[in-house]
Structure formats: structure tokens, C-alpha cells
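Colleague: Here it is: the structure, laid out below.
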Amino acid sequence: MICRNALVKDKEYTVLMKRLDEAKSRFKSRPDKITGIYLELAEYLKNSLFLADKAEQNYEKVISWGQNCSECSFDCSLAYRSLAEIAIEREDYDSAIKKISSSLDFAYKTENPGLIQQALHQRAHICMSCGLPEKALIYAKECFKYLEENEEEIDELKKDGDFKCRMAHLQNFLAAIYTEIISSGSSQRQNNYEKRAIELNERAAKYASEHGNWTLLYRTLLLKLELTTGKERVSVAQSLCNTAAKVIPTKVDEKRFKKEAKCHLSLEKLRHCEPGNFGESKTLLWKRYEELRKEPDSVSGDLFEAVKKALIFIYKTEHRLKRANSVNLKDNAMRRRAQMSIFEKIGDEASFLGMNEIALTFYQRMLKTADKADDKRKAWCSMAETARDCRLWSRALDFFKEVKALEQQLAYDEEEMIDTDIAIAIVSAEIEDIPPRERLDKFRKVYGECRTPSQKLNILDDYLAFLSANGSHCAGGEYETKLKEKAFWEKKLEEEDNSAKSDGQNEMESTERDELDEMDEQQILFEIAREMKVVERNEKIVKEKANKNTYGESNLHEVARSGEYQQLKELIERGYDVNQMDHGGWTPLSEAVSAQNLANVRLLLMKGASPNTRSKEFLMDEEQNKITSSGLTPLMEACSVGNVEIGKMLIQFKARACAKDDDEWTALEYLNEFMMNTKGMDKQQEEKLRKFGDLIRHRQAEEGLSSRTFEDFLELLQQKKASQRKSSKSSQNSFTSESNGQLRRKRRISEDSENGNYLKSQLGKENRNAWISDEEDERGEEADSEETRNLKDYRRCIVGLMRKGNGQPAEGEGGSPLRTSKTPLLLFKRKEMTSASKRAFSTKRLFFK
């Protein structure tokens, strides 16, 4: 509530009060100059500040100032109408009807057709709000007639809507009245009221859609939702949400539209979800419940209660289904009966909450687990009644016929079987494929067979409705005769009828109670809150798993090349894919091997990481010289840096020793290369590497590959180098580097091998250029293709390393030094080559003595 001080600070309120004081001082004898300001002030207090009490006081002031002034009749009529609305909000219906009658009296004094029509419409609306739909229908028809008779005058007024606008609102309201009469169970509910409601509502919706009246369109969709059956309700609810988003709220009830629509959509998704799979609906309903719990007045109390009851139903159903699936009884008949009782209970609760689609599904499960004929009859009966509530008339008729057959088989007495015949007659009346004469004969036959007054009363409502809708097939005076009989039985059996209604309200308690029935609502909602925290955490994990950086790496890639073992373990337990590849084809295992983190490698292998993945990138030095081929496996990477422990572990987990990269190199060639380039290693380390090489060679033999000798390896290098020299060109094009924003910043860096540490994964330095222009080996000749140059430079690099090991400067094709002996580092880059572009990825530094 807004306190007095807050009102004083409200600018709009202050301006209105100032205007009011000025009008009172200037126009004491002119009430018409004052009532308008009072009315404006009351509307502002009611609709903007939500101060109904203060608004009511100002509406009373309007009436007090204007009741004896004919010029104030317009303002007085509006004030009485607003007072009636406030009375309805307080559920003071007698006062509301009295005030709306006064509003109509003042409207007639104005002789303003627009105001009179509004008052007539409002009178019908007040009666509807007071629970008097039949009276509201009479007043609405009177308003409809008045509107048609005064079409031209209302169009000339050009205020509060023209004729078409007012007619559309009235059509929507009439449709709502018909729908209310249908649901109230009145004897006239089948008097074509449903067809009239649908037709009128569609007309109103068409006008609203064509003229962008989103508030009216929202109301028509809300009514359409009530008149629609089946899965189409979900699409209607979705349209309701879309329309609510377009409404710019100007009244209190319009502020509820968005949240109200979301609640309806969540409930409809539950109603039509796959039985037993309530996950999505539960999440949606919980979000709605949390929103409404913080703002309970943002929707109607009934809708808030429906959301809460739906959540509780889901919780109970999920736990009952778990129990049904885990019934462990040796006696199969007892096990099936226990399951049948559970399915029946779920169906009863769903039916009680109006979720007939769910109820029908579980009654069908009840039938499948029923062994006794009496249990089957009970299941068929539940299915038939639920199908009737869903307006599935043909299915309901088939189900009731099954009930009748079982009753005959079980020798039920005639009185009980007549109840089934009544249901068959009522359902048959709704099936248009059955000729009207046949349906009427069914009513006459069953009505004549009814033995008790209650049975006659049960069929008379629908019998009369059918006679009214199909008068041409009726005998003269039949409708009037049956109407008199109905009135007679209603008076005589009033007490019995009330008793029957009480029994119907307690129908839910017919099944046995279980431990879930003993839990109160707060306990269940607390348990749901705990479950939803787990769901929210899992959703967060799923989003995290889907997130990738610009290189296609997940969090698992980054953690795998770090020393965070526990974090790596946690991510794997969360469900991260241990074989997920980045854009370069590197997996988390590749990252761990490159970082030479034995613990991370072991964990990834134990959790199912494949040791035989192949990269799509190759290694290059800082001068764009290709020094390896693409298609590297984790075992090749381990061998390229001489890590025996990781290599043995990979072989233990079925790494293929015979796998080859795109240049036909195996892991053994990479190990030989490492041994050849690493000088000054002690005998123990050298022996360790040779034994590891023998292990790889042995595995290659087992896999059917004849491995090369070390001498063959050197000879092959020389042959390829000679061949490369013959095909080389006189010059190379300089390689133009891409901008830093397009380059991958990840670098794999190793520490000096003298310290006993191997490659460690680090993020690259952001401000360093990833590429250096290529040097020219021979001037005056045409440039090679890039792939040819990369292959040539790769081989040149190998020879340079060999010369460097002998203390000689490494020379390129043209005699220029590749690296001096004073330079301890070679910088390599991983790069993915495509026909369309060149992309630089990670870098790696290898240390040599």
C-alpha cells in the first residue's frame, strides 16, 4: 500500500489535487466542472496506484456532487459502474448489482446511446461475476439488441469504440456466458450453446486480429482454450502466450496476462505430455510456481492453486510409478493387482484435477494389469467416463458397451445395468453418425426402463436437450411433457440429489491411501525444491558442455592440459565427452599427452578416451616450415618427446603402434627422430628409450607391420632430401600472416629437458605475432605450391637438426643458416590447411642441446 506521504510525493496525484482545489474555489456552483476531476482522480488511484479504498471515496464524491445535476449524469454513471467493479473484487455481489442498476439509471438520463450500451453490457457482466449466468444471458441479449438498433448513433459518437468494436466485445462476452452455462450442467447445456459460443468467439477473434486489438484477442484465445479439446489446446495456449506479449497493459487484469498465459501453457504441456515423462512439464511448472510464490497476486488464486496442485500430482505420480515398476512379489497375480491399484490411484487423482487425458492413459494401464472380471469392468467404466469428459464420444460409447458386456457376464442386477444404458444413450446422442431417429428411440427406451426417480432425473437433462435441438423428430408436446416431469422429480428428490453430489465430491477417497497421501503440501513442495536444484545444476552442466571457445575446445580440453586432476575428474563425472575433438582434431587426451601429464592421461584412458584419434593439424616452425605431418596420434606425440611412461600407458590401453600419419611415419619413426636429435643423454635414459622402441617394434609386428631399421630411416631421409632438391624452385613466395584476431592463441610450451620436465600446456601470449615471413632460399625462380614448400622445409629442418647436433650451422637450400648454434629453441606451430584458407593454431617449443 502507498502511504499518505508517498501520495504527496506522487507528481500526477499532486497535479490532480491542485486542479481539484482550483476547481472547487472557482466553480462552487458548477458541479460538472468538479465531478470530472474527481472521476479522473479516482481512476488514477484505482488503476495506477491500486488504492481501491481511496478510489472508492472519490467515486462517492463524484456521485455526491453530481447526483442532482443533469449535466453530471455521465460522470455519475461511470462512477457507479466503477463502484460495482470494486464491490465484485470484494465479493459483495448484492452491492455490485445495486450500484450497476444505479449506473444504468444515470446512463438513461444522459440519453447517450454509447453510455447506455456500456451500462447494459456492464449489468450483464456484473450478473455473470455474481454467478448468475442465466440472468447475465438475458441482459446480454438485451444489450445486443440495443447495440444493433443504435448502430449509427454509436458510430457518430466516436468514443469508447465504434459499433464493430463494441459488437466484438459483446460477442466474446456472450460466448463466455454460453460456455459458463454449459459447464454449470444446466438443462439447456446442449441447446446448441457450444456451437453458438464457438461461432461468436471466432467472430470476435477475427475482429481483434484484423484491428490489432490484442487485449480482446487474448480474451478470445482464453475462451477458445476452454472450448478446445485434445492436443490442439497446446497450440492455443502457445498463441495465448504470443498474444500476451503484445498487450500493453493499461488495467489491473491486463498486467496478469503474461504470467497467466505461461501458466496455462505449462499446464497444457503437462496435460498432453508422454505419460510418466514429466521432466519438462515439472521444470516449467516449478518456474511458474516460484514466480507466483513471490507475487501471489499476479494471477488468480484458482490458477495459482492449479499450478501448485499440478506440481504435487507430478511428484506423487513419479514416486508411485517407481513403486509400480519395483513391485517385488513372487505371486504374479498379487504383483499385477498391486500395480493395478497404483494405476487406478494415479488415474483418479488426474481425473479429480481435470487432467482427463492423463487419467485416461492410466486407466488403460489399470485395465492391462486387471485379471478379475470385476476389476476389468471397473477399469472400462473409468475409461468410458473419462473419454466422455474428453468429448471422445465414439470411444466412450465403445467403452460403455464393454462395461455392459461385463455386467451381463457377471450377472449384475437390472437396476445397475440401467445406469450403463443411460450412459450409452447420453453418449450416443452426441455422435452425429447415428441417425437422429435412432438416438431418440434410445432415449425413449431407456427412459421407459428407468426404475428409480434418480435414474429418470439422470437422463432427463440430456433427453430434454436432444428434444430441443431435434424438434422435427419429436412427437407433439413431448418436450413440454418431459420438462414437467423433470420439475416434478427435482422437487421430490432434492435431498437425494444433494446426497449424490456429496458422494461425488468424495469419490477420490475410494482408493486406498498410501504414504504419499500422508505428506502435507509443504513437505512435498520442499522435496520438489530439492529435486529442482539438482535439475538446475544438471542444466547448467549441459550448457557448460555445449560451450566451446573459438578453437572448438571445451572446458575438458583446457583442464586436461593443466595440472588440475580433481577438476578434470569432476568434469568427466558431470558427463563431458572424453573423445570430443576441437577444430584441429585434438582430443583432451591429446592435450594431456602434449602437456606430459601422466595422471591426467591415466584418468582419461580409464574413463574411455580413445588412444587412436588422429589430428587434422601438423607442426610447423616459426618460419612456416612444416616439420610433421597431420594425422598425429597420442602415441606419436608421446614418442616425439621421448615420454616412455605415457607411451607405455597408451600401448597398454590398445594404442595402435602401426598407425601412420599422412607422411607414412609411425610412432617408431618419431621416437627414432627424438633419439637422433637429443644429444648428451645418459646411458640409462638411452637404454630406456631403446627398450621402449623394441616394445613398439614388437607391437608393430603383432599388428602385421614390418618396421624400418634406424639405418633405413636415415637413408630414407637422405633420399627424400635429394628428391626434394631436384624438384625445388628458385624462389618461394613470402607467407603473408593473418591478423592476430584470426589466429589461434593456444601454445604448447615445453621446459628445458635438462630440468627433467616435459611439455606443459599454457595459453599463448596474446600480443605476439603467430607467424614470421618465410625466407627466400633461391632468388629468381618461381614459387612452389604451399604443400611442396612445406614438405621441402620439413625435410630441410630435419637435416638442419642433424648438423646442429654435430656443431655445424644448419643451412637451407640457398646456403642461408636455418639456426645458429647459439639459438637454443625451435618454435613449431600447429596449423590446419584447407583449400580455401590457412589457419594457425597452437605453437610448441622444443628444447635441444
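Even glycines carry a Cβ here, placed using N, Cα and C.
So TrEMBL says this about it:
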REGION    494-516  region 'Disordered'
REPEAT    551-583  repeat 'ANK'
REPEAT    584-616  repeat 'ANK'
REPEAT    630-662  repeat 'ANK'
REGION    721-762  region 'Disordered'
COMPBIAS  729-739  compositional bias 'Low complexity'
REGION    769-788  region 'Disordered'
COMPBIAS  773-785  compositional bias 'Acidic residues'
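Help me see these features in their spatial surroundings.
Modeller: The repeat 'ANK' (630-662) scores a mean pLDDT of 91 in the predicted structure.
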Colleague: Could you give me the DSSP helix, strand and coil counts for the repeat 'ANK' (584-616)?
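Modeller: Helix/strand/coil tally for the repeat 'ANK' (584-616): 16 helix, 0 strand, 17 coil.
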Colleague: Can you work out which residues elsewhere in the same chain, 6+ from the ends of the repeat 'ANK' (630-662), have a Cβ less than 8 Å from its Cβ atoms?
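Modeller: Long-range Cβ neighbours of the repeat 'ANK' (630-662): 585, 587, 589-590, 593-594, 596, 598, 601-602, 605, 611-618, 668, 670-671, 673-675, 678, 688-689, 692, 695-696, 699-700, 703-705, 750, 758-759, 832-833, 846.
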Colleague: Count up the helix, strand and coil residues in the repeat 'ANK' (551-583) according to DSSP, in that order.
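Modeller: Counts, helix then strand then coil: 15 helix, 0 strand, 18 coil.
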Colleague: Just give the helix, strand and coil counts over the repeat 'ANK' (630-662), going by DSSP.
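Modeller: In the repeat 'ANK' (630-662), the DSSP-based counts are 16 helix, 0 strand, 17 coil.
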